[in-house]
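Have a look at the structure below before the remarks.
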Amino acid sequence: MISNRPNTDLQSTELNGAGRGTARWGPQHAGALELANLYSPGKRCQEWISVVLCFSLMAFNFCHLLVNFHLGHMWYILLGIVAGILTADFASGLVHWGADTWGSVELPIVGKAFIRPFREHHIDPTAITRHDFIETNGDNCMLTLVPLAHMAFNFLTLSPAEHYHNYPWHCYVMALAIFVTLTNQIHKWSHTYFGLPGWVVFLQNCHIILPRKHHRIHHVSPHETYFCITTGWLNYPLEKLGFWSRLEDLIQSVTGEKPRSDDLKWAHKTK
């Protein structure tokens, strides 16, 4: 059973056994403190630039989508939006699984910049609720810059006939970009139990965005399932297919690397 207590992190099955001791989860955990201190001014600058560029491009493209709207596209628009949301949910799972399962904080560039937040999150799941908008969303905004810039370029250079032909594809890309951009914000809301706006709670309850109780399944140690964190729609079918475990077995058989070894190393830190 999943507990209904706010921000219970469900670590009861981890770190029990000879030589392991008991973990003190949360912001005072030794690993969490060290990981939090690795957040640098350079990283903050990258996040600010990404957020400003992303939302500027998104506003530009959205205005052009409104100008070029045609009722004849309606069913294709709806199909494109749903496909974009599903793609974003799968992409969130793939990135989340990859960063949770493989790599190390010690890796050059990507380690401290991109893997560090994932290690911190498993030790201190509520840390994300203390991050401001820039820190929460900067990395995801960066991921959408190329497709949004390409869309903006098309709006500026293509003919009206080409705009009409490409409109459903643009709707797909826009929906994908919006939900990828909002993934970490949605993830943050799934760890926030007090003070959420009513419309956010409504969307969670309708499972339009990731519900809080649904996401807590992932936080049962050793964090090896339910990786999709945009809507969570794909978590159950991917789990029934054994998608992630099969992929891990394949990679481990080829490389010899053990899944989540770096994640466990940080969890075991005591000083």
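Note: Cβ is positioned from N, Cα and C throughout, glycine not excepted.
Taken verbatim from TrEMBL:
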TRANSMEM  48-67  transmembrane segment
TRANSMEM  74-97  transmembrane segment
DOMAIN    85-262  domain 'Lipid desaturase'
Surrounding residues of the transmembrane segment (74-97) on its own chain - C-beta under 8 Å, 6+ positions past either end: 118, 167-169, 171-180, 183, 227-235, 238, 244, 247
Within-chain partners of the transmembrane segment (48-67) [C-beta distance under 8 Å, separation at least 6 from its ends]: 133-134, 137-139, 141-142, 144-145, 148-149, 151-152, 155, 167, 170-171, 174, 177-178, 181
Overall pLDDT for the domain 'Lipid desaturase' (85-262), taken as the rounded mean: 91
